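> Handing you this structure, nothing more for now.
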Amino acid sequence: MREKMAEEEFPNTTHEGFNVTLHTTLVVTTKLVLPTPAKPILPVQTGEQAQQEEQSSGMTIFFSLLVLAICIILVHLLIRYRLHFLPESVAVVSLGILMGAVIKIIEFKKLANWKEEEMFRPNMFFLLLLPPIIFESGYSLHKGNFFQNIGSITLFAVFGTAISAFVVGGGIYFLGQADVISKLNMTDSFAFGSLISAVDPVATIAIFNALHVDPVLNMLVFGESILNDAVSIVLTNTAEGLTRKNMSDVSGWQTFLQALGYFLKMFFGSAALGTLTGLISALVLKHIDLRKTPSLEFGMMIIFAYLPYGLAEGISLSGIMAILFSGIVMSHYTHHNLSPVTQILMQQTLRTVAFLCETCVFAFLGLSIFSFPHKFEISFVIWCIVLVLFGRAVNIFPLSYLLNFFRDHKITPKMMFIMWFSGLRGAIPYALSLHLDLEPMEKRQLIGTTTIIIVLFTILLLGGSTMPLIRLVDIEDAKARRRSKKDVNLSKTEKMGNTIESEHLSELTEEEYEAHYIRRQDLKGFVWLDAKYLNPFFTRRLTQEDLHHGRIQMKTLTNKWYEEVRQGPSGSEDDEQELL
């Protein structure tokens, strides 16, 4: 019947030709309607293999928590016996080295084998430890004069880091070509130069705060170190991306353009994603009033804190850059839409989590002295240290002189020297060195060993000599200069636990905000734009009723907690009178 109808419609077509055409049409149609094959499901471990993996992960978690507990006891002893002259990061790294030596002796005596547990895992660092550290850093940038120095900080963090990476990477490449040190190709040299350019002046910032140095110097070093970490990670990822591609048929200029395009996409795409997420969180918590339920409000903040990291990593952007900018925006806008209870909870929770993550990272950095398979080359280490110091100098001094043409508060030569000297390296270069996919294995071990030595050199030697250097160049505050050395407190944890940052608690009504910011005549640039338009749009201005309700809520909760403490099994009014 179908063939007869076809003959009437196509009279000049033979039976055989029609059958071939019909068959071809059916085949093509069948191919077109076939469903797209599903993505293969990743293999899931089951049975005995899954049980062994679970036991191994459990032992790793136990070992990490045990190390962290020992480090907390160490920090407690430093505070209790007032060893304030010793930065906690230096003490934790030293303790990690000591624990690594003890574990090595135990393994040598064949009493136990903890090689797998004590090995630092880069994935754990980038997924669990680094995001809280970066977010807390961005969230704490509300204080001081960060936005007044945003141009200078960005210049040092972006262009300065790139200059340092090119100086170190180029120097290693050309020294290798001259057979002075081990040879690395261009992309591997640039990858190492990028990762070793990540600064982490934790000990220096603690000394700055203790000696009350110039607040502009403090903010320049602090702000640069925060943005610098994200920039260094993006530069390292850029070099890794070039390594994975076949660049043999591409010219050097095309390689540079591809690297520049990749970096710009990662940097600005991730920054835009983090900024957008932070602004969305501000609008959500402005229009959905959760202040009467602090638990829900706090939960929403925690979700928005980690949200940009997962999204950025899922779409092949930099999660660290996204979560950094999200933290800055949420601190500036979203934080002021929260109830006073949630504001304090956010401050204390972020500080505690960041402290635990930083402590864990520094402890494993010390453990790596004995757990990492090393390949030591004295000439490679010495030249790398020289290039790191030279790259930091090429970064700081020319850019500072350039910025002084546009700054009202000049960067003095003494400040430049302290900024150069404070370029300590931390755990991020070490984690990035383990994350590099280099072949052969000896090259990876060489870069890892050199990175560990440079990190320990800067933390222990440069970090330990920062305070005498500041006193020598006479850059500390006059009041701090009159203090005795025993009164200088470098304990970040003790200060963190004893203070609430009241300047970050939003208590400005509509009228007070207008009097403090909008009517001021000295505001200009982004600060004026933010005070005039952005801040009123993204934040909720408090009424007198809101302010009164917030104070009552804080007072009620405080009284409730106090009553629960008094009514505890060991509490009584007599005990209270004895304490008083």
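Counting starts with 1 at the first residue shown.
Cβ from N, Cα, C; glycine included.
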> Would you please say which range out of 315-333, 524-542 has the annotation transmembrane segment in TrEMBL?
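Matching range for transmembrane segment: 315-333.
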> If you count every Cβ pair below 8 Å, which range out of 61-79, 153-176, 353-372, 378-403, 452-473 shares the most with the transmembrane segment (85-103)?
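Comparing 61-79, 153-176, 353-372, 378-403, 452-473 against the transmembrane segment (85-103), the winner is 353-372.
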> Which bits of the chain, at least 6 residues beyond where the transmembrane segment (153-176) starts or stops, bring a Cβ under 8 A of a Cβ in it?
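Apart from its flanks, the transmembrane segment (153-176) reaches 146, 182-186, 189-194, 196-198, 219-220, 223-224, 226-228, 231-232, 235, 267, 383-384, 387-388, 390-392, 394-396, 399, 403.
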> So, do the transmembrane segment (61-79) and the transmembrane segment (378-403) meet, by the test of 3 or more Cβ pairs under 8 Å (sequence gap 6 or more)?
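Touching, no - the transmembrane segment (61-79) and the transmembrane segment (378-403) miss the threshold of 3 or more Cβ pairs under 8 Å.
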> Using Cβ distances below 8 Å and needing 3 or more such pairs, separated by at least 6 in sequence, tell me whether the transmembrane segment (378-403) contacts the transmembrane segment (353-372).
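No, the transmembrane segment (378-403) does not contact the transmembrane segment (353-372).
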> Can you see whether the transmembrane segment (315-333) and the transmembrane segment (262-285) are touching - at least 3 CB pairs under 8 angstroms, only pairs 6 or more apart in sequence?
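By the criterion, they touch.
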